[in-house]
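Over in TrEMBL, the protein carries these features:
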- 26-48: transmembrane segment (TRANSMEM)
- 41-290: domain 'G-protein coupled receptors family 1 profile' (DOMAIN)
- 60-78: transmembrane segment (TRANSMEM)
- 98-120: transmembrane segment (TRANSMEM)
- 132-158: transmembrane segment (TRANSMEM)
- 197-216: transmembrane segment (TRANSMEM)
- 237-260: transmembrane segment (TRANSMEM)
- 272-292: transmembrane segment (TRANSMEM)
Amino acid sequence: MEEENLTVVSEFLLLGFSKEQELQPITFMIFFSTYLITVFGNLAIILATISDSHLHTPMYFFLSNLSFVDICVTSTTIPKMLWNIQNQGKLISYESCITQMYFVILFVGLDDFLLTVMAYDRFVAICHPLHYTVIMNPWLCGIMVLVSWIISVLHSFLQTLMVLQLAFYTHLEIPHYFCELNQLIQLACTDTFLNDIVMYFAAPLLGGGPLVGIIYSYSKIVSSICKISSSQGKYKAFSTCASHLSIVSLFYCTCLGVYLSSAVTHSSHSSATASLMYTVVTPMLNPFIYSLRNKDIKRAMKRYVGMTATEGATVLELNKAI
């Protein structure tokens, strides 16, 4: 292979979802609306949990962290795509692509671990209700979130460092709307054996491990719910897990779709569609799933909105008086 074909690549082309120019305005509006809904919806959950002392519990602490990570996931991918659509360009620099890939891996990994921690929280709440406040103390909650961050940062750093060792051709097209790890590895023109080993070893370990923990937690939860004599008690116990279970199912089904499609079919279209689900759709649905089924969240949001409106009216009256 000639030396000029192995020069350091300076930029990539993000092809996105549609090559037809007439569809670009529609695509822009859809993703722009989705981004706004995701950011403001998850931000509302964070503000509600902070402002309401009744929500200063482990479950809502983990939920607010999940909402923050969901905002970060979408902010890592969608703004760049919107910028490219608006400017009718597809370029992303090599440095920006590597940075985007790092943060996508980081925040998706955090999503995974936080969902696992939330499953453990529900397991303790339902299976050991009398010891819940002792087991799920603030120190343990903080440690579990911190460990989730550390593992995700180290994993993302390892994957990024492995990609930095690869050489690419000078002109590269990524059939995706963001710089996805598997797509970059497939575009490399040097041996990617170690990258494949690390990627396909880390996926079952860091993805399958938490999934096993979630399945184990819910097996114990279902067993405890079945022992409840009253139907009302069973419904109440299950309702506390329904929202979390919905998010877990959507997240893992789409992540599994990406993993299988890249391992078996190498289909860029199916991989991009599945990635869209767990990086865009799931973060957008998170506020709706938790707020629509949760009376505490709805009550806190109404209280926060009322408090904000009252403060605004007070400031307005003071300005008029001045």
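Including glycine, each Cβ sits where the backbone N, Cα and C put it.
Any TrEMBL annotation is an automated prediction that lacks curation.
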Which of 26-48, 98-120, 132-158, 197-216 contacts the transmembrane segment (272-292) most, counting Cβ pairs under 8 Å: 26-48
Long-range Cβ neighbours of the transmembrane segment (26-48) (under 8 Å; 6 or more residues past either end): 16-18, 55, 63-64, 67-68, 70-71, 74-75, 78-79, 81-82, 85-86, 280-281, 283-284, 286-288, 290-291, 297, 300-301, 303-304
Spatial neighbours of the transmembrane segment (98-120) far in sequence, C-beta under 8 Å, 6+ residues away: 59, 62-63, 65-66, 69-70, 72-73, 76-77, 80, 92, 144-145, 147-149, 151-153, 155-157, 159-160, 163-164, 178-181, 184, 206-207, 210-211, 213-214, 217-218, 244, 247-248, 251, 255, 278-279, 282
Confidence summary for the domain 'G-protein coupled receptors family 1 profile' (41-290), mean pLDDT rounded: 86
